[in-house]
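S.K.: Pulled from TrEMBL, these are the listed features:
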DOMAIN    133-223  domain 'CAAX prenyl protease 2/Lysostaphin resistance protein A-like'
TRANSMEM  20-49  transmembrane segment
TRANSMEM  61-79  transmembrane segment
TRANSMEM  99-122  transmembrane segment
TRANSMEM  158-182  transmembrane segment
TRANSMEM  188-207  transmembrane segment
TRANSMEM  266-285  transmembrane segment
């Protein structure tokens, strides 16, 4: 069961909804600044120590891992002292199993989407030369940790504290979709597909009461889509380089193939994401996870 916070800055009393929203904004800034600051500083130090003109992919991967560790520590410290509670959502004892669960879910969902595109003749799959795995891991770790902590542990959790679970669920999902409208080759339909899948990440968080499975799902989804299948991820091809390349069939509408945004913006993705979101949210509801442990 999720702990949403009921002490410190979130203590019951006057202006708690507004205090929760203010705390939300502060934590978002803290997390983003911490990750970017630590990752950039670590990368600069490694490049300087190696006397290199630019940073190799392995350095960028290490910098992303250090940035992720720093932002997790920053969140833990802020919640521990600002909300005056323990931080079970970051319980490290369950991290390995939760991460594996999430990775499996993300990889399975994306494989199902790609399989549907290939089966219906909306995209082709070709073999490719394996390359750039370090960059793929870096981007998957960065998006998984940074986006899930911000969206799940900060925005969704504190909106739940401020206005209730259903507005929080809708608000976090809408925000995730809208933020991707600025990406290359995005569209309202692409945003709708991403919104449809938000129930999976939220459902995993509700079911486990921890963030690790959601992180694994997000990272597994992106890595499978971008590296293994060599497709665009939210409009970018930065992590392509795996054993396969997924290409939209010429003449097939983007709404069917995903177009330049990637398979996650396809009709198959919309259908599979809606079904998966419904399944995980129903599972969370059956477990009683729609009631916070400290509401």
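Cβ from N, Cα, C; glycine included.
Context for these features, please: burial, neighbours, distances.
M.R.: Each residue in the domain 'CAAX prenyl protease 2/Lysostaphin resistance protein A-like' (133-223) gets a DSSP state, and the totals come to 81 helix, 0 strand, 10 coil.
Counting only same-chain residues 6+ beyond the ends of the transmembrane segment (61-79), those with a CB under 8 A from a CB of the stretch are 5, 26-27, 30-31, 34-40, 42-43, 46, 55, 85, 87, 90, 134-135, 137-139, 141-142, 145-146, 149, 153-154.
Outside the transmembrane segment (99-122) by six or more residues, the chain places 197, 200, 204, 212-225, 228-229, 231, 246, 248-249, 252, 256-258, 263-264, 266, 268-269, 272-273, 276 with a CB less than 8 A from a CB of the stretch.
Sequence-distant contacts of the transmembrane segment (158-182) (same chain, six or more residues past either end, CB-CB distance under 8 Å): 2, 4-5, 10, 16-18, 20-21, 23-24, 27, 147, 151-152, 188, 190-192, 194-195, 198-199, 202, 234-235, 290, 292.
Within its own chain, the transmembrane segment (188-207) is flanked in space by residues 2, 89, 101-102, 105, 109, 148, 151-153, 156, 169, 172-174, 176-178, 180-181, 213-214, 217-218, 234-235, 254-255, 258, 261, 264-266, 269-270, 273-274, 276-281, 283-284, 287, 289-290, which lie at least six positions past its ends and keep a Cβ under 8 Å from the stretch.
Only residues 6 or more beyond the boundaries of the transmembrane segment (266-285), in the same chain, are considered here, and those with a CB under 8 A from a CB of the stretch are 109, 112-113, 116-117, 120, 122, 189, 192-193, 196-200, 202-204, 206-207, 255-258.
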S.K.: Taking a Cβ cut-off under 8 Å, which residues six or more beyond the ends of the transmembrane segment (20-49) line up next to it in the same chain?
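M.R.: Distal contacts: 5, 9-10, 55, 59-60, 62-64, 66-68, 70-71, 74-75, 78, 82, 142, 145-146, 149-150, 154-155, 158-159, 161-162.
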